[in-house]
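Working notes, structure below.
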């Protein structure tokens, strides 16, 4: 394929631009890049062609070297790798300092980096990054210049066919050589602890990094390598080093994806997938690859993929840990696997693996280059922190040490016991446990509380990368017989008080369940160092198998409760007592009231799962075969279906096979057994309280949206939610609004300002708005009397608020009505606040309701009107919709100028932001895994989030009092296929799938596939197909679809919601009346957002 080559000198540093000139003279037709064509041929990009492309870029971005040297210019462009590197090198040739920025960064993150580097100019693709550009323009600050990047056709006019005799004009040479410590390139950190930080690379760094073993080492590696590095992002330090530096210094070819932008400069580049990475390797003949571990985890169990990897000379990974199970399996299959280590802060200091490493399966171990000076800081056990020191031949990009120049990595390594010079990374000095959800648990405080037990000698929490944490406990005096389940249970009970105390001081995701307490073995005590402190890494390594086994038990949910002491008998009275004990323990020690909803007493889905599993484990511990068989009849949603102890005891007793369930007569005849009666009972309870409140507060005149001074003061609940964030941004930008009180619940995990900022960044809203003086955050408990506020704050609200927008509400379609009583109570408290206003007129009260409040409407009666319905049967169905109906009735009867806004499905915002946990993104992700999309005979009246927000504000700030009820749904709905087909097409295009992929099937067929995958589903199955968790919801959708198929009706919303009348709403809201239909552009935004957030 390639002609002979001449290597640049390796005995002295040589700069990137000098390397280009060297190859232009010595290796003009050696291919720096190759990519496959549609006809299975290859296109080669020679050093001659690439160097000329770099010069063409320089001519375009800075003609005749006009202007000032050293200008910092950001490069934000989602384009082909070939073009990206040519532009970056061309900018350097033109004495421009490029700042490579990931196009996935949020607008505030980009703004932060621009400000920190005094960068006011951006090279980009305006039509592709329109939302980013408009967002940056909207932030104010220094004026920014946006310049379109050169196109592939401009830079490579003879793509793959450039010859030396073709016309070409070199770019003028620089008058002076840049200083060694001048910055030649900016990269940035990942932003895992805040906004990404700019990282400057000087010319000295460039010279030294080109000589690093992780780059120069490819030069003489045997066998000769062709590098399949197409999947690396070019703006990342790894992509920059591997795709540009390595071929330049090692004279080696890199295989890329075929560029897509030659004929259409706005076309997106190929998105790497597990399939197209391997396909590109096969087509280009590349024999070396470097990828992130997630791809290897996908390939490890695919025979065809493993066969491809076996034929590679080197399979390298970096960027994160690879599980031992996967790595060992690949090595056992004959894959030449090895790890590479490096970061933007210090480059690529490790060597490529040698023959000994590959032949002995030492894939986790690495060897640092001889030129790399490391200070290994012993941690008191077998681990060492790696600290890289600056030398005359190795300059760090970042230096963070006080006593010497260098970079402390915080990475912990261990030495290989027999192979001198080999090291393995095993963790961080910062032992914060990052869960699979991304939530972070700080163990120190919880470990300290548990250690205070007289029965405990040592405590180490674990759970990094898992769904929940656990704790390893060493008993103080007598050892526990680990073969005796009763002894284990007794010890757990002895230390439970301290564990419970630790849980009370921790966020919900950090709490430790009794089943997650692992006890040390007498023959494997905890490792200790220094003054007797535990050595965490060494101990956790020793208990690796036991910890893995514990998580496997958790994953196999039907086995988890086996260590729970069962009830003495399976009667209702005994079960009530036993279940109450279990529930109290799972609710963090809160004494559970038997006839009150568990989810109103601190339960969540994880607690419900553990309680169900304890029931199953208790049944299976009995010798009675009939009782053991009954364990298989425990439904998945048992606790959701029976959400208090009395109902649960009755249901379990029936399943256990008791001849006559001893059901309390009051419960049997209560409203909980009659859905309509249940709604009316809860409504009656709070209506009675409301009547007493109205008598106490007296009368007011009809309200308007503003005070006498004409200024509006708004109390907004739920501002940190999806819709709430758009409402808050709109209110803060509105000049009519003088002040906004954002009332949100308290959270142990973070302050409300932090949560609000994170939501704004995710939705690319203007974070600067959150610094306005007109915004006041309030953390409160709306369910408590006076909303749990102190007298001063409460009075301040009574004396100033003119509009209340109540948006906060729990969203969970699995829960029964009783679980939403705290939300109903919170609505009552807010109504009470409004009625106690000291203003001349009471505040205008807007309740954000849902079309779900009409879920029981008889379709034969036509469309659902914009009126308050007094017949509770219209709301019979899910607890969510029923609770919204009750709140509607409460605010209507309050005497306030109150309006209930029944919202339909809220779609993604301007940047496509659509919460990943919502049912529709879950359907899309699951469809990708199932290989089919469901078709439904119904329509959708979805509205983009920012339009919903605007419509609500139209009503909130209307001059005249709006009516009691309005339906805020899209007045021009579209059919399900008109939405889902563009979504499916966008997924196929973004994932580079064959056009015939992901066919449509009937909803019932799709649900049947889902049910098959749900049987014996593991944690990994549920991660890939999250629709399993909403199986009942999707079954209901399929049931409605079958009814519609039989009747031929098409005038029903997806999910069975009837058509909603919107005439009144349209007359008040110009936003609603002027709304365009959703379509292909919206679908593309949603899919782009989901992919950027890692949904699939």
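Just so you know, glycine gets a Cβ as well, placed from its N, Cα and C.
Quick look at what Swiss-Prot annotates:
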- 236, 339, 340, 344, 425, 426, 427, 428: AMP binding site (BINDING)
- 720, 721, 722, 723, 807, 808, 809, 880, 884: NADP(+) binding site (BINDING)
- 569-656: domain 'Carrier' (DOMAIN)
- 605: O-(pantetheine 4'-phosphoryl)serine (MOD_RES)
- 39-352: region 'Adenylation (A) domain' (REGION)
- 716-952: region 'Reductase (R) domain' (REGION)
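Sequence features, as recorded in Swiss-Prot, placed on the structure.
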residue: 236; record: AMP binding site; DSSP class: coil
residue: 339; record: AMP binding site; DSSP class: strand
residue: 344; record: AMP binding site; DSSP class: coil
residue: 426; record: AMP binding site; DSSP class: strand
residue: 720; record: NADP(+) binding site; DSSP class: coil
residue: 807; record: NADP(+) binding site; DSSP class: coil
residue: 884; record: NADP(+) binding site; DSSP class: helix
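Considering only the residues assigned to NADP(+) binding, 720, 721, 722, 723, 807, 808, 809, 880, 884, the longest pairwise Cα distance works out to 20 Å.
Listed binding-site residues: 339, 425, 426; maximum Cβ neighbour count within 10 Å falls on 339.
Counted within 10 Å of its Cβ, the other Cβ atoms near residue 884 (NADP(+) binding site) come to 28, all protein chains included. Comparing CA positions across the binding-site residues 722, 807, 884, the one lying closest to residue 344 (AMP binding site) turns out to be 722.
The shortest Cα-Cα distance from residue 809 (NADP(+) binding site) to any of the binding-site residues (236, 339, 340, 425, 426) is found for 236. Ranking the binding-site residues 236, 339, 340, 425, 426 by the distance of their Cα atoms from the Cα of residue 807 (NADP(+) binding site) places 236 first. When the Cα atoms are compared, residue 340 (AMP binding site) and residue 722 (NADP(+) binding site) turn out to be 40 Å apart. Around the Cβ of residue 722 (NADP(+) binding site), the same chain contributes 759, 763, 906, 913, 915, 945, each under 8 angstroms and 6 or more positions distant in sequence. Of 236, 339, 425, 426, all annotated as binding-site residues, the residue with the shortest Cα distance to residue 884 (NADP(+) binding site) is 236. Rounded to the nearest whole angstrom, the C-alpha distance between residue 236 (AMP binding site) and residue 720 (NADP(+) binding site) is 32. For the pair formed by residue 720 (NADP(+) binding site) and residue 426 (AMP binding site), distance between Cα atoms is given as 37 Å, rounded to the nearest Å.
Using DSSP to sort the residues of the domain 'Carrier' (569-656) gives these counts of helix, strand and coil: 58 helix, 0 strand, 30 coil.
Around the Cβ of residue 720 (NADP(+) binding site), the number of neighbouring Cβ atoms within 10 Å comes to 23. Model confidence over the region 'Adenylation (A) domain' (39-352) stands at 93, taken as the mean pLDDT rounded to a whole number.
In the structure as shown, the Cβ atom of residue 809 (NADP(+) binding site) sits within 10 Å of 22 other Cβ atoms.
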